[in-house]
Amino acid sequence: MDGGDSSMSSATVRRHRLSTRLWHWLNAVLLYVLFTSGLGIFNAHPRLYWGQYGANFDRPWLALERFGSWVTLPAHYNLALSRHWHLTAAPIFAFALLGYMLWSLVNRHVQRDLAFRRGELVPGHVWQDIKDHARLRFPTGEAALRYNVLQKASYVGVIFVLLPLVILTGLTMSPGMNAAWPWLVDLFGGRQSARSIHFIAAFMLVAFFLVHMTMVLLAGPVNEIRSMITGRYRLPEPRR
């Protein structure tokens, strides 16, 4: 993955760099805080609109009941405290993402592990990857150290599209940022549109998390989680 031993004589190799592991676990904590506190903020007005304005007498495109206390931070309804948690975690999350993106370019993690290779986007190759995933046929040996095309697409999409989108739409909802960067409101078509996109993107991250955890469990949770803690990964033996 992002850094492997030159010798493959051992069944255990170095898979994830320290920067990747630190960012991964920091994100796990921050995204939990941001999502649950975000739902607490959403509960103040559980309706979504498109455009610049939206209030009680406007027609929403989505109207929900309040989310239950089991999934909000804090568990009881407290808008001020939810905002406190959200606005504390958000800048840490944003700067951590920026730092990771820049460092991944410097250490060539993006170019080496996430960039698509010639032939990977050929329809036949993509379809084969989809079939392998559907049949739970995971790569073995040294092939397990390389991201397949679906993994590359999902990781690039999340790191360079979805996470920045969440951050930018969050900034667009801030009155202070509206004054400093008014172009953000125009970019997303209004503060209410930004709020709707922010909500959708957050649940897309939840969907990614659920798929990610499912694949970890199916691929071998002990080996996968150990590699993200220690950086060491035991190569799966080739199928016989």
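Using N, Cα and C of the backbone, Cβ positions are placed for all residues, glycine too.
Among the features that TrEMBL reports, domain 'Cytochrome b561 bacterial/Ni-hydrogenase' is placed at 15-231. Taken together, the residues in the domain 'Cytochrome b561 bacterial/Ni-hydrogenase' (15-231) have a mean pLDDT of 93 on the 0 to 100 scale.
Sequence annotations record features per position, and here TrEMBL assigns transmembrane segment to 22-42 (among others). Packing against the transmembrane segment (22-42) from elsewhere in the chain are residues 16, 67, 71-74, 77-79, 81-83, 85-86, 88-90, 92-93, 96, 100, 199, 202, 205-206, 209, 228: each is 6 or more residues past its ends and has a CB under 8 Å from a CB in it.
The transmembrane segment annotation in TrEMBL covers 85-106 (among others).
Per TrEMBL, transmembrane segment is recorded for 155-177 (among others).
Residues annotated as transmembrane segment in TrEMBL: 197-219 (among others). Below 8 angstroms of C-beta separation, residues 31, 34-35, 38, 42, 48, 62, 136, 138, 154, 158, 162-163, 165-166, 169-170, 173, 188, 225 of the same chain, each at least six residues beyond the ends of the transmembrane segment (197-219), sit close to that stretch.
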